[in-house]
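According to TrEMBL, the features are:
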type	residues	note
DOMAIN	205-406	domain 'GMPS ATP-PPase'
BINDING	SER233, GLY234, GLY235, VAL236, ASP237, SER238, THR239	ATP binding site
Amino acid sequence: MSGDHNVALILDYGSQYTQLITRRIREVGMFSLLFPGDASLERIQSVNPKVIILSGGPNSVHVEGSPKVPAGFFEYVAENSIPVLGICYGMQLLTHLLGGEVSPAVKGGEYGRMPINIEPNSSLFSYLNGRESINVWMSHGDEAVRLPEGFVTIAKSHQGAVVAIENAQKRLFGFQFHPEVMHTETGVEMISHFLTKIAKVTPDWDMGQVLEGQLRKVAEQVGPDDHAICALSGGVDSTVAAVLVHKVLGDRLHCVFVDNGLLRYDEQNRVMATFREHLHLPVTCVDHSKAMLDRLKGVSDPEAKRKAIGAEFIEVFKAYSHELEAKIGKKPKFLVQGTLYPDVIESCPPPGSGQKHSHTIKSHHNVGGLPKDLQFTLIEPFRELFKDEVRAVGRLLGVPEQFIKRHPFPGPGLAVRVLGDVTDGNKLDTLREVDEIFVNTIREYGLYDEIWQAFAVFLPVKSVGVQGDQRTHSHVVALRAVNSSDGMTADWYSFTPAFLRDVSNRICNKVRSVNRVVYDITSKPPGTIEWE
């Protein structure tokens with residue numbers, strides 16, 4: 001996909017905001033890619049970036065072993081006149097590696113939203129038309145105390161720290177603050193100005209072109225007589241992927257929906273009806289619930305659950321492939337998946353912290369959970385797209401709006417919403433009942449389309465309660481509802497007290513094994529959207 005568009009490359013040094021940079025760039029109409037900060041120069045060169053951004057991170061440049069850019073980096077960008085923007089740690093890295101000096105902040109670090117003073121005649125801030133101060137989001141304990149030769153200070157904090165620098169001749173720039181965070185005033189405009197006016201890159205990221213490009217690539221990848229299996233989860237991503245590939249392959253695409261025993265209430269019947277009546281996709285339903293739950297028996301670790309589910313899914317597809325081979329006289333060569341860019345980022349994160357610059361957040365069953373001896377060639381048309389971009393592609397393909405707006409559902413299903421062993425007792429059925437009540441109540445209140453994702457979580461604790469004048473010792477469930485545009489960051493949804501009272505009463509009255517309901521008010525970060 002990168003070969004078809006101008007590329008803004010972000011080198012990730014572990015900031016919690018790095019994925020936001022990727023999203024902000026796409027919002028202004030430019031394709032962005034995220035590489036780990038220790039990517040080789042050869043890998044950087046392979047995508048022919050038009051602009052490179054060095055992200056923030058938790059490290060200090062003067063500490064031994066802190067991440068750097070690869071050898072030959074500055075020679076490469078100079079020879080090819082590629083603009084470089086360092087953000088937070090990235091600005092400190094530019095300063096340090098080019099002969100300046102970075103040290104712990106004399107007056108202490110700067111954190112949160114605060115004003116900065118802008119110097120006149122700065123190209124980076126020229127879009128402000130002479131405005132002398134804006135509020136930005138700070139998060140740093142070190143600061144640049146001496147700039148490299150050729151750099152000038154173009155903004156300072158009220159404490160006097162250097163917070164923006166530039167060497168216009170060499171096309172090297174730095175922000176000590178985070179323009180990608182919504183708390184930074186004019187942040188998106190700041191990024192757009194840098195990309196289009198300073199870096200002079202033409203925005204060419206268009207979903208119509210993306211769709212045409214993916215249709216073309218599927219046609220090139222799959223031979224005229226080859227067949228493919230599509231793993232349908234019932235979610236938006238895999239379904240839009242199936243519609244896209246079906247447009248190219250027709251009856252050479254064989255869709256399979258696996259009931260893994262981890263689905264929501266009545267999910268199999270609802271999803272199969274949608275495929276049949278609205279999407280007109282030929283889909284085979286395989287009931288693999290017993291084998292899946294047998295494999296998960298006694299497994300409590302979240303990573304182990306995800307990997308077991310990924311491996312079991314592949315076994316299903318292998319068996320289905322053998323049946324299909326006997327039927328059509330040819331072994332299916334390809335497996336279609338709705339893998340998204342956030343799945344790839346969270347399963348294979350950047351390089352600091354011992355493991356990489358940041359830790360693996362979680363393995364996604366269709367990325368980090370896949371076995372090494374996979375017997376299919378993967379087709380993943382959305383591997384470099386975010387959720388909202390997939391929805392845009394779905395609309396172009398004519399997928400019904402009610403399906404496009406469906407809340408995301410994780411590939412591992414309820415396994416990541418039952419904390420601990422999912423097979424212990426009646427946890428899954430209890431969770432299904434609670435989740436159904438929660439989502440239906442949201443629909444009754446007319447809130448479904450206002451929320452990115454809503455679901456219930458079964459907690460591994462019991463609490464004392466009183467029901468029917470009797471003491472109870474029953475289960476506790478958590479409710480979670482968030483707003484997001486891409487799943488990389490999220491804020492919890494602010495229900496009214498009346499709604500929370502109503503839904504709690506409904507759950508405790510209708511689900512006899514539950515006597516306490518809690519609401520999760522954690523954003524992402526620091527939490528993830530799912531609990532596991």
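Any Cβ shown, glycine's included, is placed from N, Cα and C.
Each of LEU232, VAL240, ALA241, GLY338, PHE409 belongs to the same chain as SER233, GLY234, GLY235, VAL236, ASP237, SER238, THR239, is absent from that list, and has a C-beta within 8 angstroms of the C-beta centroid marking the ATP site.
With respect to Cβ neighbours within 10 Å, the binding-site residues SER238, THR239 differ, and SER238 shows the lowest count. Of all the binding-site residues given, namely GLY234, GLY235, the one with the smallest number of surrounding CB atoms inside 10 A is GLY235.
Here the domain 'GMPS ATP-PPase' (205-406) has a mean pLDDT of 84 out of 100. Sequence-distant contacts of ASP237 (ATP binding site), defined by Cβ-Cβ distance under 8 angstroms and a gap of at least six in the same chain, are GLY338, THR339, LEU340, PHE382, LYS387, VAL390, PRO408. Neighbour density for VAL236 (ATP binding site): within 10 A of its CB lie 22 other CB atoms from the protein chains shown. The 10 Å shell around the Cβ of SER233 (ATP binding site) contains 24 further Cβ atoms across the protein chains shown.
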